[in-house]
Amino acid sequence: MRTWKDRMRHSTRGLGFVALVLIVAAIFGVLEPRFLSYVSLNGIARHMAANGLAALGLTFVVIVRKFDLSIAGVAAFCAMSMGALIAAGWPLWSVILAGLALGAVIGGISGIAISRFGLPDIVTTIAVGSIGTGLAFIYTGGRSIFQNFFTSGITDLNDAKLMGLGVSMWLLVAIYALAWFVLSRTRTGLAFYATGENPMAAHFSGIATRRFVALAYVLCAMCTVLAVLLILAESGTAETNKGANLMMPAYAGVFLGAAIMGGTSVIASFGGILLITMLLDGFALMGLPYYYSDGVVSLILLIGVLAFSDGARGTLQALRFLFWPQKSTKPTAKGSDA
Amino acid sequence: MGAPVLTASDVCKRFGPVQALRNVDFRLEPGEVHALLGINGAGKSTFIKILSGALQKDSGTIRIGGEDVHFRAPEDAIRAGIATVQQHPELVPDMSGLDNIFLGRETASRSLMGRIDREALEARADALLARFAVPIDLSQEVGQMSAVEREAVAILQAIAVDGIRVLILDEPTSTLTDVEREDLFALMNQLRAQGIAIIYITHQLEEVFAIADSFSVFRGGACIARMSVEEARSSGVSLADLMLGEAVGDIFPPKADPDARGDVFLEVRDLSLTHGFENVSFTAHRGEILGLFGLVGSGCDELAKSIFGVDPPDQGEIRIHGKPVSLRKPREALDAGIFLVPGDRRTEGLALSRHSLFNVPMANLRRAAGGRWGLKSRQLRTDIQRLTDQVALHPPHLNTPASGFSGGNQQKIVLAKGLYSEADIYIFVEPTVGVDIGARAKIYGLMRELSERAAVIVVSSDCDEVHGVADRTIALHKGRQVEPESGVFSRDDLLMAGIMGEGSL
Ligand SMILES: Nc1ncnc2c1ncn2[C@@H]1O[C@H](COP(=O)(O)OP(=O)(O)OP(=O)(O)O)[C@@H](O)[C@H]1O
Ligand SMILES: [Mg+2]
């Protein structure tokens with residue numbers, strides 16, 4: 001018996017998501033007609049690409065039931081490192097590879113400290129993130145780097161289009177598709193989820209749980225590098241505060257998506273980050289000062305998670321019970337169930 | 001008898017598609033020990049969760065001392081005098097046993113600032129321990145305790161409430177061993193003498209005759225019979241037949257033919273682990289079931305885990321198919337063809353919030369992917385469907401999370417996981433904890449079937465189980481192996497060996 005009910009439930013959640021996105025778009029469209037303009041939509045796509053990559057990395061970490069609070073620090077350090085390499089005249093592809101390698105090393109350090117040596121994840125990643133934030137200053141003492149940026153070709157990542165869609169968006173879609181395949185269609189994905197659900201049972205099942213935890217941090221840092229690369233491409237300079245705005249949207253996207261879809265997954269994160277980016281850009285367009293944006297995102301996150309939590313459902317049911325205490329399900333027939 | 005302390009009528013409860021309780025009628029007299037019987041998933045735990053306020057009924061009435069009650073939370077039930085030990089007690093792992101027992105009831109005053117008087121608490125704990133005499137160090141963190149100790153803490157927590165009228169025990173003896181069971185029965189007798197009524201859930205039917213005054217039988221979510229034990233004894237009805245709705249014969253499969261014994265699959269020589277066991281040696285053959293009997297603390301559990309690479313032994317040798325191996329983690333043991341069905345299924349065996357499609361293939365992801373990387377979803381589903389049918393998972397829903405199954409059925413998911421792993425050597429630790437008698441017969445049958453191609457080792461603190469299912473038995477006492485003089489243990493010798501050790505024979 002193929003569980004069509006389950007699929008239905010899944011697709012209703014998915015449809016609900018799409019409806020939510022359309023409603024948000026419509027509301028902004030009415031309040032601020034520029035929201036639906038080509039320029040604005042294009043901007044949303046670009047911001048979504050950067051935010052989405054950070055959220056994807058975080059998705060792996062959240063699946064193994066850990067936290068990574070080093071995203072901003074890693075982003076800052078890697079942004080300046082890549083900026084310095086561009087300024088030094090390295091070809092773009094080697095800059096990207098070097099950035100990814102650096103990210104992998106930093107993620108590996110957090111990951112091994114947490115999985116192998118059992119350090120608490122929150123403290124470790126705050127520390128690693130702060131170190132990254134500090135190291136971001138070693139190249140220029142805090143001044144921005146922009147030499148060679150326009151000749152290096154990095155800005156093409158922001159401007160170039162392929163079949164009408166920005167390359168950054170293609171990058172996002174390609175990497176999400178890959179991650180989706182790995183997490184939901186391979187044994188590696190099952191192992192990731194098992195590690196998060198019950199590390200002890202996973203260990204007893206022969207799954208190298210420590211390795212998967214460490215790997216999650218490595219992937220998270222590498223995705224962060226890709227995200228910050230897109231930010232460099234958009235702004236054309238490397239600054240120490242690049243990436244400071246990556247973390248909150250990433251968390252909001254992952255958790256809001258999980259709340260709506262009923263579990264952490266690549267698809268949930270994709271939807272979550274789409275929603276968050278629309279809200280952020282929409283508010284920005286309506287003139288909300290940037291310093292409020294983290295606050296707004298966090299507020300939306302709280303409301304979203306609350307609205308979709310089991311607790312909320314329980315409360316609703318309790319209310320129903322208060323108002324219609326007699327309206328309960330009487331069993332129909334005394335037969336065998338299911 | 002006087003008026004009943006507790007009555008329930010027409011109680012219904014539904015979980016999504018599953019009607020867990022249908023129009024349950026129930027009655028509890030003061031000062032009686034009332035057994036609640038029924039196969040896995042019959043609705044026993046659901047019913048007592050409703051009585052104890054942990055779940056809310058969909059409809060029906062519950063009366064206590066003649067008054068209608070509606071419990072919204074466990075506190076309400078406790079205030080009404082109903083103390084409960086749930087099937088899977090929720091304790092705070094980072095707190096000591098003592099703190100758990102008095103959690104939320106440290107002081108008489110209800111103010112948040114009430115000062116906690118440690119000495120008074122310890123005195124109260126001592127008084128409790130005088131009534132339920134389990135040797136247990138209450139200053140230990142609950143997270144560090146064994147399953148037996150945790151169960152004992154939960155029982156102490158329940159009886160620590162003042163003014164209880166009803167005590168509910170959901171399968172306490174599935175984790176307790178024979179020794180603590182005697183203590184528990186003594187406690188129950190004491191409470192009964194004080195007029196406290198007790199609802200007692202168990203799958204060990206002989207316990208019903210040992211302790212209960214009357215019993216109710218649940219089947220398919222309904223309470224189908226209520227009888228006094230006297231009545232049952234004199235009329236000679238079979239409790240197992242009542243529970244299942246059909247006759248059950250001998251639950252143990254026939255023993256293997258000694259001549260049909262195959263090659264030695266696993267050999268263990270002089271295995272030792274500090275604080276675990278010493279110089280244990282045995283062989284396990286294909287074609288037979290080897291039984292290992294030992295109480296809690298005997299080192300049985302440690303031995304099983306040691307062989308499985310969870311806690312590698314300090315000394316000694318393990319040979320698989322004649323070749324010495326060194327297994328330092330479960331992965332290596334699985335690769336060598338060993339599967340452990342762990343004793344603590346909820347922490348070591350299952351991802352509780354996930355369904356069978358997730359849990360069953362976990363120990364053999366290679367097979368799930370057909371030796372490649374991508375999962376073979378369709379094949380996976382048919383394989384798992386077959387295995388869950390084979391272990392008689394009820395209800396047979398592949399997409400229900402493990403936490404949505406009754407205790408015994410959770411164990412069946414772990415068994416299916418073991419079957420899926422296709423090992424050569426199976427080590428079952430406490431394989432039928434919380435499993436009803438019908439399913440037990442099925443599981444023993446499965447073990448027998450498995451033993452045709454694999455070596456099967458059953459590790460249990462239930463002497464009858466070990467003796468009943470195994471072809472050959474060994475006992476472990478305080479980490480030391482006890483062997484029969486004549487080559488085979490009789491049931492009583494096995495029990496003595498496990499309880500008293502070497503000197504007893
Ligand atoms: N939280 C839940 N969600 C969904 N279904 C549930 C839940 N709890 C119980 N059920 C279902 O309700 C039925 C009754 O379960 P219950 O736990 O009461 O059985 P039980 O008689 O205690 O069995 P056991 O002897 O195995 O403990 C089962 O079919 C079970 O699958
Ligand atoms: Mg139960």
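Every residue, even glycine, has its Cβ placed from backbone N, Cα and C.
The transmembrane segment feature in TrEMBL is assigned to A:12-31 (among others).
The transmembrane segment feature in TrEMBL is assigned to A:43-64 (among others).
TrEMBL lists A:71-90 (among others) with the feature transmembrane segment.
What TrEMBL records for A:96-115 (among others) is transmembrane segment. Distant neighbours of the transmembrane segment (A:96-115): 66, 68, 70, 74, 77-78, 81-82, 85, 90, 121, 124-125, 128, 132, 209-211, 213-222, 224-226, 229; these residues of the same chain sit at least 6 beyond its ends, with a Cβ under 8 Å from one of its Cβ atoms.
The transmembrane segment annotation in TrEMBL covers A:122-142 (among others).
The transmembrane segment annotation in TrEMBL covers A:162-183 (among others).
Same-chain residues lying 6 or more positions outside the transmembrane segment (A:212-233) and placing a CB less than 8 Å from one of its CB atoms are 46, 49-54, 56-58, 60-61, 63-64, 66, 68, 70-71, 74-75, 78-79, 82-83, 96, 99-100, 102-104, 106-108, 110-112, 114-116, 125, 149, 154-158, 168, 171, 175, 191-192, 195, 242-243, 246. The transmembrane segment annotation in TrEMBL covers A:212-233 (among others).
The transmembrane segment annotation in TrEMBL covers A:253-279 (among others). Nonlocal intrachain contacts for the transmembrane segment (A:253-279), taken as residues 6+ away from its ends with a CB within less than 8 angstroms of a stretch CB, comprise 13-14, 16-17, 20-21, 24-25, 28, 44, 47-48, 51-52, 55-56, 58-59, 62-63, 176, 179-180, 183-184, 296-297, 300-301, 304-305, 307-309.
Same-chain neighbours of the transmembrane segment (A:291-309): 245, 248-249, 251-252, 255-256, 259-260, 262, 276, 279-280, 283-284, counting only residues six or more beyond its ends whose CB sits under 8 Å from a CB of the stretch. The transmembrane segment annotation in TrEMBL covers A:291-309 (among others).
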When counting Cβ pairs under 8 Å to the transmembrane segment (A:162-183), the leader among A:12-31, A:43-64, A:122-142: A:43-64
Tertiary contacts of the transmembrane segment (A:43-64), as residues 6+ beyond its ends and Cβ separation under 8 Å: 71, 75, 158, 165-166, 168-169, 171-172, 175-176, 179, 183, 192-193, 195-196, 212-213, 215-217, 219-224, 226-228, 230-231, 234, 246-247, 249-251, 253-255, 258, 264-266, 269-270, 272-274, 276-278, 280-281
